[in-house]
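Here Swiss-Prot flags 1-8, 72-75, 124-134, 181-210, 260-269, 316-327, 380-399 as topological domain 'Cytoplasmic'. Annotation comment: Swiss-Prot describes 36-42, 102-105, 231-234 as topological domain 'Extracellular', evidence class similarity to another entry. The transmembrane segment annotation in Swiss-Prot covers 9-35, 43-71, 76-101, 106-123, 135-157, 161-180, 211-230, 235-259, 270-289, 293-315, 328-355, 359-379.
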């Protein structure tokens, strides 16, 4: 493959992740504040709107994956859905009705749910074909999200009204859509029968077990984004400190994503997944004990270890254990379990625990889930050593 073309494709992929996450990072973290401050919605109304995203993703992410596998037009689908996501975001400015906000939130989540799994599918396939580093591309997403959260907080606090987050978000997502049209395409393969492909995945015991690992290990890290500010506030952190710690946590993912492939090459996929799960478990156990603020400051980088290593390793593992012709479906099912159902469950259950017990008890729930994920990862590691004890379909692509 021509070196110049490869460099252009890598630049397009990095640019897409950067601007796509700049877009979503501009809107999602401050959406609840916009609905509360400018639209004067109640807490329960805001909670309902914010909970729609994960629920919608549960259903739509597998749909987009199956559509991608069937049409084999992944990058076109990605470009269209990314631009539509940004345009839908503008509707929050145009309307001021709670029922319409519910509709807008559902539509926004439906199209936004394509961004991560389809771009990951393209990036994983291309880095494998060119012996590249997926983590070196994906880190631009963490960079974009971290910069967006920090910058939008400053912009809306000092310069402009909060509704500008939708204008910036739309602009960034439209730029990402243009870049999506420049990413590498995929080679044509035999079109998959959607029902047959889905049955193939749900009959894959290894895949199903790993979906549970994703639910128990990765989902608490996502739900932590909802409760971390409450945890910090209860621990005595100021508002400015909370913003800085959020930023440091997101940015800390970058170096670990950058060197994740080095860890994977030396340790193996499941060992890296177990390492990230162990770090998550340690973090939740620490937070459950209501530590001093200086300990929280000193350990915030653990988010980078837990998420920065898990994402590249988990995606490559899903790709490894599933046939190529249902790859996009598998990745979107993985996203639906982690970003969708798992995130929703941990956030929903955590809300009840926070209301009736304490914010620190929320991290006990996260810790219990992480213990289960750690144990299942050990099970898969043993099963890999004794492959005859665990049935899995033949993989139809070269690793």
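Each Cβ is built from the backbone N, Cα and C atoms, and glycine gets one as well.
Below 8 angstroms of C-beta separation, residues 133-136, 275, 308-309, 311-313, 316-317, 320 of the same chain, each at least six residues beyond the ends of the topological domain 'Cytoplasmic' (260-269), sit close to that stretch. The stretches the transmembrane segment (76-101) and the transmembrane segment (161-180) are in mutual contact, each linked to the other by at least three Cβ pairs under 8 Å (pairs 6 or more apart in sequence). Tallying C-beta pairs under 8 angstroms between the transmembrane segment (161-180) and each of 9-35, 211-230, 235-259, 270-289, 293-315 places 9-35 first. Across the topological domain 'Cytoplasmic' (181-210), the prediction's mean pLDDT works out to 76.
Counting same-chain residues at least six beyond the ends of the topological domain 'Extracellular' (102-105), those with a Cβ under 8 angstroms from any Cβ of the stretch are 48-50, 52-53, 88, 91-92, 95. If you look at the transmembrane segment (270-289), the same-chain residues 6 or more away from its ends with a CB under 8 A from one of its CBs are 213, 217, 220-221, 231, 260, 263-264, 295-296, 299, 302-303, 305-307, 309-310, 313-314, 317, 360-361, 363-364, 366-367, 370-371, 373-374, 377-378, 380-381, 384. Against the transmembrane segment (135-157), stretch 9-35 shows more Cβ pairs under 8 Å than any other of 9-35, 211-230, 359-379. Within the chain carrying the topological domain 'Cytoplasmic' (124-134), a Cβ under 8 angstroms from the stretch's Cβ atoms is held by residues 1, 6, 9-10, 13, 183-184, 186, 258, 260-261, 312, 315-316, 319, 327, 331, all 6 or more beyond its ends.
Across the topological domain 'Extracellular' (231-234), DSSP assigns 4 helix, 0 strand, 0 coil.
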